[in-house]
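Each remark here refers to the structure printed beneath this line.
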Amino acid sequence: MRSLLLLVSLGFAAADNGLAGWLRYAPLPSGSHSHYTRPSSILALNSTTSSPVYVAGQELQSGFKNILGDNIEIQHGGCQPSAVVVGTVAQYKDVCGGVEGIPELAEDGFWLSTKGKGVQILGQNDRGALYGAFEYISMLAQGNSSQVAYATNPSAPVRWVNQWDNMDGSIERGYGGASIFFANGTIVKDLSRAAQYARLLASIGLNAVVVNNVNANATTLTSENIEGLGKIADVFRPYGVQLGISLNFASPQTLGGLPTFDPLNSSVIAWWQNVTDEIYQRIPDMAGYLVKADSEGEPGPATYNRTLADAANLFAKAVKNYGGIVMFRAFVYNQLDESDWKADRAKAAVQFFGPLDGKFDSNVVVQIKYGPIDFQVREPTSPLFANLLNTNTAMELEVTQEYLGQQSHLLYLPPLWKTVLDFDLRVDGKQSIVRDIISGKRFDRPLGGWAAVVNVGTNTTWLGSHLAMSNLYAYGRLAWNPTNNVESILQDWIRLTFGFDLSVINGITKMSMDSWPAYESYSGNLGIQTLTDILYTHFGPNPASQDNNGWGQWTRADHLSVGMDRTVSNGTGYSGQYPAEIAAMYENIDTTPDNLLLWFHHVNWTHHLHSGKTVIQHFYDAHYAGAETAQTFLQTWESLKGKIDEERYNDVLTKLTFQSGHSIVWRDAINDFYWNMTGIPDDANRVGNHPWRVEAESMTLNGYKTYNVSPFEAASKSVAIVTSSNSTTGTATTKLEYPSGTYDLAVNYYDLYGGKSHWKVYLGDRLIGKWVGNNEDVLSHTPSIYLDGHSATRITFRGVSVNKGDTLKIVGTPDGVEPAPLDYISLLPPGIVD
Ligand code: GCV
């Protein structure tokens, strides 16, 4: 039984920039741990400094010192019953003889016993020993002094991280700064952040990082860069983290100068073998390759009419003798024509890979995104998991929140991931839970597991937001054991990251657990996809961007109806890619869950859901409810002031303040868009009706002019104002006709990349507030150079006392390309958010 000490607040925590993540080893409150049994020493059964067992000893020493205030010596030999012993089972046997009760461990597994005089942390291998040490330290850091003795093994051998880092130092879909690995076409000299990253990953049981983007640059493989990759591998190795490399399929031609990159051509095969030999000479434990081929413009075997299996096996053979593996991505699709009712990007993975089942070498793992499109806010489980019975598979998750708020919105992802991991695909009418498919258990496959696109950067928050780190932490914990409860994982992370104050634990738990449902509510509902702008930044709302292009993320919405008909009977036939029981469930509108209705069926906007609401009214209501929930995140966080160090408190406050405003931008944009499309009014008369707003364009303008925003729904009543020139100040003035009283004054404006405008707002001569358009410096998402759903932002001044007839004036000073744009103001009485 786990006994968690009831720990009270430590008082005020020291400033923390987030760099240590959940490995802060913060001191436990004094007096709370006097009953702990102190080990006589730390016995690390390996004295080679680059070995994970040695590192485990160092971590334990640091943990005892910082968490408990104990200075404990490290030794490397001799059996001491009252020590904390860390090593492999085999090393322990050599030194101390056997230990009873340890079952057979799987690769990377460990045994942890705190029963008796000492503590034994014994890994199946060095890496397992380090994992065990981190688990024990995590117990200490959470004030958990339970007597335990258990063995634990990872769910699957492949527990990888993908970084989409480019050789120039940028990161595709990265929101936490520049690459910690690359700059200017080569590997950075200072790899201290790479080592710190490996430490974080090892502490949650992750065992490899593919360091470069799947949209790979062939120059990654120059001799100079292979040497640099070797240096990264050197700093990873003590943490048991292996290095993997993404390949560009055309490299033999573009880098090697061959006339072809045909995977069956002997000179191409030889070229890849040579490069692979060179890599393994420098990095003998290189984990393997990751390949994106024939997708989104990346070269692949289709150029030569070869199959994806031909491509995968080419690399598999090259790495086989070195024990390497090939992660081959199933994210392969073509541009499609929306006028074809049967066309469907969601079908692509099964179409390409299904016929190749059983044709991949044994060291190939097909890496499959959780849903058939692309990391949307809700997708059904990819049917490919049920179509590859004789092929190793891994699930690809996305820790970086590409379509899901880009770390400027709070979104705790594991509840979303769980919808897929826990899904029973019923292959052959038998239980076939996705987590058991990827572990290899269900179809008796030797390899399999997990990959997540993480994209940390040089920012000290790693991901761009402190709260987003719960997703990385939970990814590791789930990859180790996908049956873990996502809320208790979250609470472990909160204790390790923010301490023991109950209001902090409860507050962050509630916000995080509410965050995915809230985001889904104010973005794309009922399985329509996220409705973010898929043609530009993937951040703010732009539902029109889904349709009328070849990307195949269609909604097929018009004034009467909406949704993709993916049935076999009348639609694209996608539902038929699932095993019979699941196919039947999705084929039938009555058994399709509401939350995936528009994924599988094309219905009228007035169609009644199982809930009884019409589709359109559900959209309206969900958007209001979701945005309302996002307001509570800010309130909850503010209630924690003083209980979290100022640096992290303020950083998160900035993001949650933005999110509370941007959730309203989302709400109004989506509601206005579909209201305009359908003409169906909101039963509750909220959509298009904002009695507390004054539109900027209806104010008296001096030095400002009106501007038609595109997309139209990204501005209240479609119009905003911008300064008449980029160098002259503008003023917008209005007489307030609201009853005298105290209001919150919200101002909606646009914060563009490429300028830092200034705004000041006055009531009469009284300055109420001022602000700068510096989102690009304080938020994490991809900025926009336009007035649109990405740049739309709200600032709120609270408790402003207003007299009826007061004159409100906003003075905007443009900067760079940013013409101090304004959309509207809202004067909100207590309790109203609009
Ligand atoms: C690395 C989506 C993303 C791309 C990404 C691609 C992939 O399309 O927007 O940035 O490319 O997925 O997963 O390969």
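In case you wondered, yes, glycine gets a Cβ from its N, Cα and C as well.
If you check TrEMBL, you get these features:
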SIGNAL    1-15  signal peptide
DOMAIN    21-136  domain 'Alpha glucuronidase N-terminal'
DOMAIN    144-462  domain 'Glycosyl hydrolase family 67 catalytic'
ACT_SITE  GLU296  active site, proton donor
ACT_SITE  ASP374  active site, proton acceptor
ACT_SITE  GLU402  active site, proton acceptor
DOMAIN    464-686  domain 'Glycosyl hydrolase family 67 C-terminal'
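Around GLU402 (active site, proton acceptor), the same-chain residues at least 6 positions away in sequence with a Cβ under 8 Å from its Cβ are ARG173, PHE375, VAL453, HIS538.
Look at the Cβ of each of the active-site residues GLU296, ASP374 and count the other Cβ atoms within 10 Å; the largest number goes with ASP374. With DSSP states grouped into helix (H, G, I), strand (E, B) and coil, the domain 'Alpha glucuronidase N-terminal' (21-136) comes out at 36 helix, 19 strand, 61 coil. Between GLU296 (active site, proton donor) and ASP374 (active site, proton acceptor), the C-alpha separation comes to 12 Å.
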